[in-house]
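If you check TrEMBL, you get these features:
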DISULFID  CYS42-CYS121  disulfide bond
SITE      ARG69  site 'Transition state stabilizer'
BINDING   ASP74, VAL77, ASP81, SER83, GLU95  Ca(2+) binding site
DISULFID  CYS75-CYS80  disulfide bond
BINDING   PRO169  substrate binding site
Amino acid sequence: MAPKGLTFLAVLICVSALSLSPSVAGEGQNNGLVMNFYKESCPQAEDIITEQVKLLYKRHKNTAFSWLRNIFHDCAVQSCDASLLLDSTRRSLSEKETDRSFGLRNFRYIETIKEALERECPGVVSCADILVLSARDGIVSLGGPHIPLKTGRRDGRRSRADVVEQFLPDHNESISAVLDKFGAMGIDTPGVVALLGTIHSPLTHPCTYIYEMTTGIKHIYIKLRIFLLINICGILMFNQR
């Protein structure tokens, strides 16, 4: 069972990422999402994903946070379309191989879940939905609540590596630039603190951001939330190792 602070952050990460609206029409857009999208074509889809997440978390405790970071990187760059999973080609660099995606891992476990689904319902469940639902079930593994989510996402067929830097902040950017990028996604300052606290980079980077965020903030409620997250920051980094 994860500490309550970690559960709070996990839920915030998932809800923040999934609240991002796709800004590009066409491939991978999330129009037409419904509850129980696979109830006719693959009734056991969500149960299979849940069971696989439980098994993988039992064997590899760091999977839950990996999946949470994966959906953020996928959804933040224009659409939740699993384009993050695409491999590089001669003409196109994959999103997961860009500098901003440094430290992303455990993609092989997404493939494990996909294989389990393919045995039951070949060619039915999208990788985009697998990414989202595995992160949702990862929250449950950490002791958090089960969050009902709509499904029916389409898989993107092209990498968005060329625009990753426009949407994902870098640890060398100023705090104002970081806040601006997340603000454009509808994520407020406490939400940014929570998200940065899960990034797998040297511990000083996310924690430094957190301390910087207290400067100039006058609203006492926001300051209290930030200082609470400072105490959790180190725990989050430990859980990524």
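Yeah, the Cβs are placed from backbone N, Cα and C, and that goes for glycine too.
Feature map: TrEMBL annotations on the structure.
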residue : record                             : DSSP (3 states)
CYS42   : disulfide bond                     : coil
ARG69   : site 'Transition state stabilizer' : helix
ASP74   : Ca(2+) binding site                : helix
CYS80   : disulfide bond                     : coil
GLU95   : Ca(2+) binding site                : helix
CYS121  : disulfide bond                     : coil
PRO169  : substrate binding site             : coil
Alpha-carbon spacing, ARG69 (site 'Transition state stabilizer') to ASP81 (Ca(2+) binding site), which is rounded to whole Å: 15
Integer Cα-Cα distance in angstrom, SER83 (Ca(2+) binding site) to CYS75 (disulfide bond): 9
Spatially closest candidate among ASP74, CYS75, VAL77, ASP81, CYS121, the listed recorded positions, to PRO169 (substrate binding site) (Cα to Cα): VAL77
The one of ASP74, ASP81, GLU95 whose CB sees the fewest other CB atoms within 10 Å, among these binding-site residues: GLU95
Other CB atoms, at most 10 A from the CB of VAL77 (Ca(2+) binding site): 29
Cα-to-Cα gap, CYS75 (disulfide bond) vs CYS121 (disulfide bond), nearest whole Å: 25
Other C-beta atoms that fall within 10 angstroms of the C-beta of SER83 (Ca(2+) binding site): 25
Pairwise CA distance, GLU95 (Ca(2+) binding site) versus CYS80 (disulfide bond), rounded so that it is a whole Å: 13
Other CB atoms within 10 A, centred on the residue listed as 'substrate binding site': 22
Subset of recorded positions (CYS42, ASP74, CYS121) lying within 10 A of CYS80 (disulfide bond), CA to CA, in sequence order: ASP74
When distances run from the Cα of CYS42 (disulfide bond) to each of the binding-site residues ASP74, VAL77, ASP81, the nearest one: ASP81
Residue, out of the disulfide-bonded residues CYS42, CYS80, CYS121, whose Cβ gathers the largest set of other Cβ atoms within 10 Å: CYS80
Inter-residue Cα distance where the pair is CYS121 (disulfide bond) and ASP81 (Ca(2+) binding site), in Å: 20
Separation of alpha carbons, CYS121 (disulfide bond) and VAL77 (Ca(2+) binding site) (Å): 29
